[in-house]
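Heads up: the structure comes next, in structure tokens.
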Amino acid sequence: MPKLWQMDDYDECLESPGPGEPPGVYCGLSVVLKPNNRSELWKLIEEFSSDYKRHYNHQVLKWGVCIKRCQKAIEKLSPAERNALTVEPFPIDVRYKLDDGILEDISTYREAYQDVLEICVNKKLNDTYGLVAYTEILSCDKSTDEVVIDALDMSFLIVLCALVCFVTLSSWYDSSINYKRTSDHYRHPLDSKRKMVCVSFSIQRNWYRLTSRSKDELNQKLRFFHAFRFLTIVLVIFGHTSLLLVVTPTTDLEKHERMMHSVGSMILTNGGQITQTFLGMSGVLLAVKFCSFSEKRKGKVSFLYVPFAILYRYVRLTPVYAFVILLHATWLLKLQTGPLWRWGAETEQTFCRRNWWTNLLYINNYVHADEPCVQQAWYLGAEFQIFIIALIVLVTIVKIPRAKVLILGLVLLAGYVIPAVFIYYQKLEGTYFVTLEAQRYLLWYDKYYLHAYIPTHINFGNYIQGVLTGLVYNELQKRSINLAQSKVFSIVWHLTIVIVPLSWLPSYMFYVNDFPTPSVWMAAYFIMSKNLYGIGIGIVILGCIYGVNGVVKRMLNYPFFEPLGRLTYGAFLVHPFVMRFMFASVRTPVHYSDLLTLSLVFGATVMSYLMALVLCLLIELPTSALQNHLFGCFEDQKSNRVDRESGTNGTNQTLIIPGLAGKQS
């Protein structure tokens, strides 16, 4: 069969032309083979591609073509030969390109070069395979293209310069009032609120905030969460690496198809479940901190607490998030070139300029989800929405303690029933499909991704199960029950670590069979298999809190993980930025081995955390310090000096604000 990727030399094509020569033009094409039932090769392509769950659609090819080479290849063809290689329109019922209007100037390039490229491509296809195809230009680069800087680009530079100035001045001021010239000066609050505001951007002080260890008993019990955050984001990066290996040109795409025929591959294919770890941790932390706060208030928690907690969390999450969105909307496209770069970067720029508001309102997992800005941020939208619901539920059970079991039971039941109903009526199957063909378009148009992966109602159950885990822990503490002394729980804990990944293997049956939809049993299977992971996370977290396996707990509590855990939110936001440079800037198809894949994961992780460190010291920690003063939390922080890290969500963001909530109540 024709190769899915064929690419001319990009840099050679765009070399500066000589005097009087036309500029070099390089175009990315989508080539759709025309059905030909007289061709045995076409019958093979059609039959092989019909297994859409495990194979690429080999009717759709991606080519990178140099216009000069094409013009030279067809210059000796007669008009009759050219006409023979021109394909009349035919029905195309498969996805073969991005939606129109995303990339600029495409209509101009299509008008100028469409006929030349179609004849050129068909000449090669006909000579080699006896087939012809419809060709459409997806993007073009010209050697005379210049970087254009607009007002939005300048606004990013202004914001960046302002942040650097704030950090420089704040660090200088903090150093100038360090009269004893000791490092302890940066570890402790100053004697006035005005001074604390002035040193909010101090890089020395924020460095100690990043690397400090809390002495609080609850924080020490939950310290392993930092390791969980770090290990989870590494697995997320690994999953996104696998996705980009499918998207970008490789010399051995058949390797992906062979892998999809293995039952063991379901562990990797279902790796998207790993994001449920963040949701489970978030639910646990919310419940634990809320119970602690409620006990201090003796159960007197007003519903007025909810909007203030939401506002606090919004202010904590959004500044660094908005900065990353602005970066994607401005300078990302200008930082690199390549045959795939416009496809990988200009799409992001267009989506962020169009849909930034959906991100900042945290509704991006529902509104314009097929044109995502900062695509991984679907998780932030889903979690923010569930956080609001869970917070209202917790306040309700405190206000109506007698109905606690009933309320929690109904909420948990809703977490199972509502997504099952959606799976049934949307005629989806019993697992979240990750097909190779959907990945070629980064899942933007995939119904399984849009309806069975990113919606809040699909992810609600595991967050609520995390909340229940936190409530169970609180009850165990009240009754002085130590799970580490239970042999039964120890066995369950160790078995859970093995059973949860193995529970993904039965999903293979949905890849090899076409069960009729809608189906009650598949809807039930989908929800049970998804929420089984949340149950497993709850058991693992309880076991780690109580130290069921001492060796594992000591490893997870190693000091190395604490700063890495605090940097996880930044790494989560920027790792696709890093990975675009690693994958979307390639010039030719690359042969990826398993060892190279691991090295790419390692490189992406290191670079993501380095960028996260910069964002943390430049934006995240300074704005959180200002936020504490803005919300009147400084006195509370000064009096107890407890790090707020324990009240953080799966990506290291504060959930509960006792100081504020106490004042408002």
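Cβ atoms are placed via backbone N, Cα and C, with glycine included.
Look at TrEMBL and you will find 154-173, 227-247, 267-293, 314-333, 377-398, 405-425, 452-476, 488-511, 531-552, 564-583, 595-619 tagged as transmembrane segment. Marked as domain 'Acyltransferase 3' by TrEMBL: 224-615.
It is 314-333 that, among the stretches 314-333, 405-425, 452-476, 531-552, 595-619, forms the most Cβ pairs under 8 Å with the transmembrane segment (154-173). If you look at the transmembrane segment (314-333), the same-chain residues 6 or more away from its ends with a CB under 8 A from one of its CBs are 152-153, 155-156, 159, 341-342, 345-346, 348-349, 352-353, 356, 359-360, 362, 373-374, 377, 380, 384, 569-570, 573-574, 577, 580, 615-616, 619-620, 623-624, 627, 630, 653-654. Sequence-distant neighbours of the transmembrane segment (564-583) (same chain, 6+ residues past either end, Cβ-Cβ under 8 Å): 210, 225-230, 232-233, 236-237, 240-241, 244-245, 247-248, 320-321, 324, 327-328, 332, 335-336, 340, 344-345, 348, 374-377, 379, 600, 603-605, 607-609, 611-613, 615-616, 620, 645, 651-653. Spatially, the transmembrane segment (377-398) is not adjacent to the transmembrane segment (488-511); fewer than three Cβ-Cβ distances between them are under 8 Å for residues at least 6 apart in sequence. Long-range Cβ contacts of the transmembrane segment (227-247) within its own chain (Cβ-Cβ under 8 Å, at least 6 residues beyond either end) map to 253, 256, 268, 271-272, 274-275, 277-278, 281, 376, 436, 439-440, 442-443, 555-558, 561, 564-565, 568, 571-572, 575-576, 579, 582-584, 592, 597, 600-601, 604-605, 608, 650-652. Averaged across the domain 'Acyltransferase 3' (224-615), pLDDT in this predicted model comes to 92.
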